[in-house]
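Visitor: So Swiss-Prot says this about it:
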type	residues	note
BINDING	Gly43, Ser44, Ser45, Gly46, Ser47, Gly48, Lys49, Ser50	ATP binding site
DOMAIN	7-227	domain 'ABC transporter'
Amino acid sequence: MSDKAVLSCRNLGKSYDEGPESVQVLSGLNLELRAGERVAIVGSSGSGKSTLLNLLGGLDRPTQGSVWLAGEELSALGERARGLLRNRELGFVYQFHHLLPEFTAIENVCMPLLIGRTPIPEARERAEALLKRVGLGHRLNHKPAELSGGERQRVAIARALVNRPGLVMLDEPTGNLDHHTAQGIQELMQELSSASRTAFLVVTHDLNLARQMDRVLKLDDGHLVAI
């Protein structure tokens, strides 16, 4: 993969109506993320970091501006096409995991592959390999309720990586992890950004993690500022 932009936004803004008032959460944001680049976004609670991730990932629509993922303008796509593009090009790690409770760890990780019609044996092989890489080779057949918070987070990270997307977005990825496991996740991001040119966009309060990224941006008063 070349160092082209895997994600970009121009003049991005988001506002919400609260009664007769309109509250501007984000305003005039511009961002470009290239293949293999790792970018951290920091900011105080309530600054709009998760809102920004949802806009960049096509989970919400901006009030102003546009987002391009893998060269496709998200607002120009219908819901189905947008969903297929996200599944193919984007991995997303939510702060609270969003694992399917009735499925095992390996079944959860297989899900993006099965949606993309990967044969079941290949899907299971790739899912198992990733779960082993995040230290869960012994927990393949456990359901989310049988896993700790940190283990569920690692399953979510494996699920985000299994489709080999060009971009992975992570919302507080190390919040429930001990130092050793968090360092392992950071090393995995470093390895994938170098070897596979996977780009990572990380929202975090963990300044140690942020400092290990290629760039750090602060979301302040609705604007992104390089720090």
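Glycine residues also receive a Cβ, built from the backbone N, Cα and C atoms like all the rest.
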Visitor: Kindly state the mean pLDDT of the domain 'ABC transporter' (7-227) in the predicted structure.
Guide: 87
Visitor: I'd like to know which of the binding-site residues Gly46, Gly48 has the most other Cβ atoms within 10 Å of its Cβ.
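Guide: For the binding-site residues Gly46, Gly48, the Cβ with the most other Cβ atoms within 10 Å is Gly48.
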Visitor: According to DSSP, folded down to helix, strand and coil, what is Lys49 (ATP binding site)?
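Guide: Going by the DSSP assignment, Lys49 (ATP binding site) falls within a helical segment, counted as helix.
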Visitor: Determine which residues of this chain, when Gly43, Ser44, Ser45, Gly46, Ser47, Gly48, Lys49, Ser50 are set aside, have a Cβ within 8 Å of the centroid of the ATP site's Cβ atoms, and list them as they appear in the sequence.
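Guide: For the ATP site the neighbour list reads Leu219.
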Visitor: Same-chain residues six or more away whose CB lies under 8 A from the CB of Lys49 (ATP binding site)?
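Guide: Looking at Cβ-Cβ distances below 8 Å from Lys49 (ATP binding site), excluding near sequence neighbours, one finds Ile41, Val42, Gly43, Asp171, Val203, Leu219.
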Visitor: Quick one, of the binding-site residues Ser44, Ser45, Ser47, Ser50, which Cβ has the fewest other Cβ within 10 Å?
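Guide: Output over binding-site residues Ser44, Ser45, Ser47, Ser50: least Cβ neighbours within 10 Å is Ser45.
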Visitor: For Ser44 (ATP binding site), which of the three DSSP-derived states applies: helix, strand, or coil?
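Guide: DSSP call for Ser44 (ATP binding site): coil, neither helix nor strand.
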